[in-house]
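As recorded in Swiss-Prot:
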{"type": "REGION", "residues": "57-84", "note": "region 'Disordered'"}
{"type": "BINDING", "residues": "E324, K326, L327, R331, E394, F436, E496, K501, K518, K520", "note": "ATP binding site"}
{"type": "BINDING", "residues": "E394", "note": "Mg(2+) 1 binding site"}
{"type": "DOMAIN", "residues": "728-821", "note": "domain 'BRCT 1'"}
Amino acid sequence: MAEDTEMPDAEAVRENTLMYGHDDELDEKFPTRPMNLHKSPPFHTLFTDLFDPLMETQKKGRQPPGPRRKAGPHGHSNLSPHEAKRNIIERFIASWRKTVGNDFYPAMRLIIPDKDRDRAMYGLKEKAIAKVLIKLTKISKDSDDAKQMLNWKLPGQLHKASASTAGDFAGRCYQVLSSRQLNTKLGDMSIAEVNNALDKLSQLGSEDEQVKIFQRFNRRMNAEEMTWLIRIILRQMKIGATEKTFLDIWHPDAETLFNISSNLRRVCWELYDPKVRLEGEDTGLSLMQCFQPQLAAFQDKGGSFEKIVARLQANSDDDSFWIEEKLDGERMQLHMIEDPEAPGGKLFGFWSRKAKDYAYLYGKHLQGDEAGALTRFITDAFGKNVRNIILDGEMITWDMDVDHIVGFGTLKTAAISEKENKTDKSTGQRPLFRVFDCVYLNDKLLTPYTLRDRRRALESAVKDVKRRLEIHPYIEAHSHTEIEPALRKVVAESSEGLVLKNPRSMYRLNDRNADWMKVKPEYMSEFGESLDCIVVGGYFGSGHRGGAHSSFLCALLLNKDAKPGDADYEKCWSFFKVGGGFSREDYAAIRGRTEGKWKDWDPRRPPPIIELGGHEQNRQHERPDQWIHPSDSVVLECKAASVEGSDKFRFNLTLRFPRFRMLRTDKRWDQALSREEFYEIKANVEYKREEKEKEFEIEKSRRKRTRTTKKPIVVAGSETITTPYAGPQSKIFDGLSFYIMTEQLHPTKKSKVDLEALVKANGGRVVQRDSMEPNLVIVADKRLIKVASLEKRDTNNIVKPVWIQDTIQQNEVDNGALPYLLPFEPNRHMFYLLGDNQLDYEANADDYGDSYARDIADVEEMRKILGATDPPQKRTKFDRESFLDQLEDHGDSLSHLKTYMFSSTKVAFRTSDDPVWTLRAQLAGNYIRFGGGQITEDEDEEGVTHTVVPDGQTASVSRVADLSRVVGVGWVQKCWDESTRLDEERYQWG
């Protein structure tokens, strides 16, 4: 006899109706969805049983090692923090299953509210909630408590406790509510009732209606419960556990399903039984269901192009890889279904990488009211046989007037403008969807197929609609030497970099692996000029920087010639916001010069002398917390990576990655940069960039690649060399001309004069300029400006000096044999190699770098070759740099931590006879290693970013590489003390 199925009690039925209504559509969509058997627990159990224990575990961390502690029911555990957190979550979920039922969705959407796509955004940020609470508690908006909430980033003025909550809005609200709470004990409002009220709150727009919902909460909650409710509304939980942990504990396949659907409700309702696993097509993505796309991995810090290509898993049968330009836009997926009832016959869906629905902007239909900024123009984009399709790509902004991509910051503005374009005008800026993958076609899931097959499907199903929807082009490459020319091209065009792809790879949802690799130029030429700009606004920090200005709004003067009384006197346009590179002394100096002169920014009455972004639309983008008259302010000297367009600032341009250099105490406010002066600087910098090639390094150590003369010189076996062997004074170079541009650096140093003498002694002719004569050998071992200029021309190979030595030595070894010129080896002999010669010269050595024509006499070189023959160990190891880059990619950068502050540096230390300086240098080296940097003793090593010199060694600084900054140990110490990377020029040689 089968067991009786337990039926939901009356309270459970009431709560189910309260949260989901009598929704037949839900039952049809989720026919097997679970229903709880009993009432959900009180809201406060979320923080008493889950949030607080998790945060307490976070604070404690792992217990220090010591005597073995007692284990068992009455002893202490020695679990790691991660294990302890999992235990807490497992207990909470097990308790829910036992006492409530299998529908965990009501709790899950409160635990990870930022992943809940079913509930609309509340439209409530900190200040809006503060205004609601002021009305709720019926306190004066001019009272101290009201000001504490409205100015939550400011240090507390009411009592000492307020100072500790500067930057913590929910904590500040607790202080205000705790003295006015209707309930001192924990309330009885259930999780289901809270969800019902939050659903209503998300549908309301007016402040008065929002106050009524908050009154309902306040009547049944105490101050602590209200504090957690506010965190849920703001979607700022910070409880010490990620959504991945919760999903993994809920069900083994929960993360997989979330990756293909981005639907928390579906995860909870379809995977309520841990014993029932996803199978087959259930693990694949679906039409009109947002999925988590595949991501590109970050290149290894210090990895060469050769190593990057090796990670793309090329093999002897297929050594190809694809090179694509990395686009500066927003990752977007397009879903299309044929629908006879939709205007135009097709239904569209657009989702960002963060699962935000953009169909309202880019369009749901081809025609009618819901034809958006893109769909109205792509009627002919799909083949006649395409019934449905899912495309993966990048939404970018394209400027039709210059026919070029525009920075990401302009995308939404361009889309809104294009939405109103009814005539298909070919001017201005517009959204352009660049498609690089097809993951679903005509009811067929394509993710298991190779990228090459998916590309064929894409090209057969989609046709370009010029500057609306285009298939993103790629270059098929076969050697790592093809990467640098492509990278140089995109750098010259101010692009973001490259993406390298393995055409043999399948599509992996929500995975960042080596099948797609980003390659970015880390050390590009900076904007080139320091900018002295006036400070007009200040922003209060949060967390440990709460209560004081942590960043500043800088502006450009409109008219430096204006006099007091003129309309333009002191008038400024906002330009950029800077918060990096300040030390405690810098903050103190700025505070000392401006204290008492700051005014709170009133959005209803903004100062007329300061215009912000959005001014013409009566908006206030990047609004500061406080402002200051330019005549009372200070001038900051700042540098940046580049200038880019942005409607967030009044000037419509801003600095990318600005950093503070120094406080210009020698400049008056009216000597700060004006709008016209900046235009002149910008034009000058752009002119210089056209004249001089951008210098860059690839992450930590870009591999120098070698090339030789376009016209082949005499090679092994040539009958033109008939002179018999004559020892060191041979005629091996007879008939060749040598243009030696630099000294030799590797494997030993030789001066330019010594090299020229060696060439002459062996029959060669020395010239002092390049030409197109067929037997000219150009020699260099350093990338000087004249060498870089020759590379840019791309007409001649450039040979390393070691080839001269190798050729002479080989002919000494072959005493008595017919003398011959040693064939070029790409890695050892070539400094710059023309693409046309690549395959020919690669044939001169095997895969491990062992030459077919040259004897290996050097032990270290032999050891290196033998080491390369060892098969790589198949192992999975933690990639720290990739992990940190992913955190930054998700907006959770660790750049404020000391263990990350030097992560992008490689530092060379000079030696000194001064024992005191040597000790300081050792300590500085330890700081750099702890901060994630690399240490080297060779200043000429690839990728060196900083050179630390002893005090007084300024005379020899000229030999430091162009891209290496010269500093003293004082810079390292100061960065360490301030927990931030400071500007190098302030701490040179000390």
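All positions are counted from 1 along the displayed chain.
Cβ coordinates are placed from backbone N, Cα and C, and glycine is handled just like the others.
Neighbour count (other Cβ atoms within 10 Å of the Cβ, all protein chains): 20 for K518 (ATP binding site). As a summary of secondary structure, the domain 'BRCT 1' (728-821) carries 31 helix, 15 strand, 48 coil according to DSSP. Neighbour density for E394 (ATP binding site): within 10 A of its CB lie 20 other CB atoms from the protein chains shown. The Cβ of L327 (ATP binding site) has 21 neighbouring Cβ atoms from other residues within 10 Å, across all protein chains displayed. Around the Cβ of E496 (ATP binding site), the number of neighbouring Cβ atoms within 10 Å comes to 18. When the record's ATP-binding residues E324, K326, L327, R331, E394, F436, E496, K501, K518, K520 are compared pairwise by CA position, the greatest distance found is 19 Å. The average pLDDT computed for the domain 'BRCT 1' (728-821) is 85.
Within 10 Å of the C-beta of E324 (ATP binding site) we count 19 further C-beta atoms, all protein chains included.
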